[in-house]
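Novice: Copying in the features that TrEMBL gives for the protein in this structure:
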DOMAIN    B:152-181  domain '4Fe-4S ferredoxin-type'
DOMAIN    B:182-211  domain '4Fe-4S ferredoxin-type'
Amino acid sequence: MNTGYVTIDGIPIAMEGEKNLLELIRKAGIDLPTFCYYSELSVYGACRMCMVETKEGAMVAACSTQPKEGMEILTNTPRLRRHRKMILELLLAKHCRDCTICEKNGRCRLQELANRFGITRLRFPGDTEARPDASSRCITLDTGKCILCGDCVRMCSEVQNLGILTFRNRGSRMTLGTRDGKPLAKSGCVGCGQCAAVCPTGAIVVKNDRERVWEAIGDPDTKVIAQIAPAVRVAVAEELRCAPTDNILGKLVASMHRLGFDEVFDTCTGADLTVLEESAELIARLEENRDLPLFTSCCPAWVSYLKQKHPELVSHLSSCRSPMEMFAAVIREQYKSSRKNIVHVAVMPCTAKKEEAALERLKIGGIQQVDYVITTQELIRMIRECGILFSEIEPEGLDMPFGAATGAGTIFGTAGGVTEAVLRRLSSDKSPAALRELAFRGVRGAAGLKETEVSCMGRTLRIAAVSGLKNAEDLLTRIQEGEHYDFVEVMACPGGCAGGAGQPFAAGDSRRQRSKELYAADRMSSIKRSEENSLVLSLYGGLLKGKARKLLHTEHNGEESK
Amino acid sequence: MIAATSRNTGNASRGLSGENPFYRLCLTLPLDSQALRNAGAAQGPDGPRLTENTGRILAVYEQFERFNREGCCGKCVPCREGTRHILELLERLAAGERRGEDGTLLLELADTIYSTALCSLGKTAASRIAGVFEGCPEEYLPGGGGIEEAPRVYRIDPELCRGCSRCARGCPTGAISGKIKEPFVIDPGKCVGCGACLATCAFKAVKEADV
């Protein structure tokens, strides 16, 4: 580990194993501008915004320079300011400047830095034409807004093991595109949206379905029913300017009522159903000793990935619908005799859910169960659009008849949560001590792959929870090489749904903070096991009687057809 | 002696030999590698290259920059975006379509690319640009003396000009034309403001024009 001191703008800063100067400089409280640096991706060094000067007058890129004892670094000299402004000017010359009508308006890194550096004039001509590829249901790609920082390219290949986004051509003719030049919808994209999450500009943005939701809300003959995913509540505080300790879910419910949603339910209820169904499925497979490990099917990006890359393993997928789809089917069943049209909107941290909602195999009687999926960010926009002062609004409770959820459902929002919830279900010891013990079995935490062993039905089960499709691929390789697991949870996004691409962007500590808040909500819940959710149990005797298979499960035959 | 405006010794990554290509309109170096090295020039893989005395030295630079654009990988911003604009600026300069601040912009851009480009391809591309102007008398700078001043423009006073053609023959950019024994004129579009005509005119007919 690097130790010692580096002098940054005259102030000695202690090294604590920082891999590069940039991290050290940011630790010193200087927000050195960058476009292409993410601590979770490889260092690329292309944007050249983080150039700093050494005492000797040499210019180095902070992101790709190792700190060394005794270095003296200047981060803010007239030369550096001039060069940074010139780089911004070069980027802006080729970039669409319709900021006010851009989906990324207000959250764009290029816009922010142009503002910070006071760029008021461009001296270079440039092609600023928009070239949107809107073929995907999840994301829109507009190369006219791309600054070629490569963040999405590295995300797609390094973290998600897909390698669909890539650079095409060289030099000044270089553009972003798909690997084989096909439109996104046909490129094998699983819709995880992580490229959009790291894109500093509006080149890759999440598709927006707000207008159609507003339309449904505005129609007096339509009953608009919403479900809100567990990860949403832990990601809105900052953007809606309220303290994260407040009763955010209650405030969200109140705001959504204000927006005009007729009923608001919690997807955690759907998650409880998933726990019960998936546990039963696992037990059945263990008894028959077939198709182990059981892969979870909550994450649509993962399901799509597996079908595309490993069709031979599809039989391992759980036949369960995702919590969103299960819950949607139950809600539709509940309201099937309503005189009004039912429009069901799901508020999700996820972009791939937009695709999932439209899947043919999830329709029941030809009817799409979830009409519109909006992301956390879209909900935040809708709340802002209505001028609701989120910090002031009085929290309200969830609507009945589905107002009850458990802590087990809540932790679905973080990687390892599904596993823990299923373990709670499987565990024969129902004491609080056993519950606490489960929390320390290795399924919590930020690691991409978490493993544990539990005894169940007289045997020891090997269980893994993995997030990030590259991590999943590594695990699949091990499984195909003969390693045995009984249950594998996969979430495509690093950190699980809390780090989903529909959320306001968070990396590192702030993503871990979201997990912590979900576990805190679980601690506060009075019911912690899905099988103790009396509401869900009552469904089996009522609405689900004889229909559980149809409403809660699906067939995984063939590719994900749209 | 070889009459040439400039001589490149075969490596596009190096500037023209001699510390000041504008100033040294005629190179007298013998073409052997030791002499080239002594003069601070490197010999490249293509062997030495002569440029005809066309007086269009910017065209030579344009050629270098085009080479660079083809070689650019596109990864870092200054090289990918910057060298493209350098080429455009040079083309404009060479075509005599200089706009107000082009000279300043060219130097500023070259400075940024030189200081921040990821690899030496971009850096040398930019250092060549600095070489265009390095050591030049100030008035040679596109954009004028120094960076801030307006460019110098010359005109020929028709009353003093005797039409001897000496200035036209000495003009490195071919900007002066006329009939013998009639007043000659300077095409401001081609004039780079080098002042060679000012020095050669025996009748003091070349004047600095007000801009």
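Quick reminder: no glycine exception, Cβ is built from N, Cα and C everywhere.
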Novice: Express the predicted model's confidence over the domain '4Fe-4S ferredoxin-type' (B:182-211) as a mean pLDDT, rounded to an integer.
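Specialist: Average per-residue pLDDT within the domain '4Fe-4S ferredoxin-type' (B:182-211): 82.
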Novice: Run through the domain '4Fe-4S ferredoxin-type' (B:152-181) and tell me, per DSSP, how many residues are helix, strand and coil.
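Specialist: So the domain '4Fe-4S ferredoxin-type' (B:152-181) is made up of 5 helix, 6 strand, 19 coil.
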Novice: Across the domain '4Fe-4S ferredoxin-type' (B:182-211), what are the DSSP residue counts per state (helix, strand, coil)?
Specialist: 5 helix, 6 strand, 19 coil
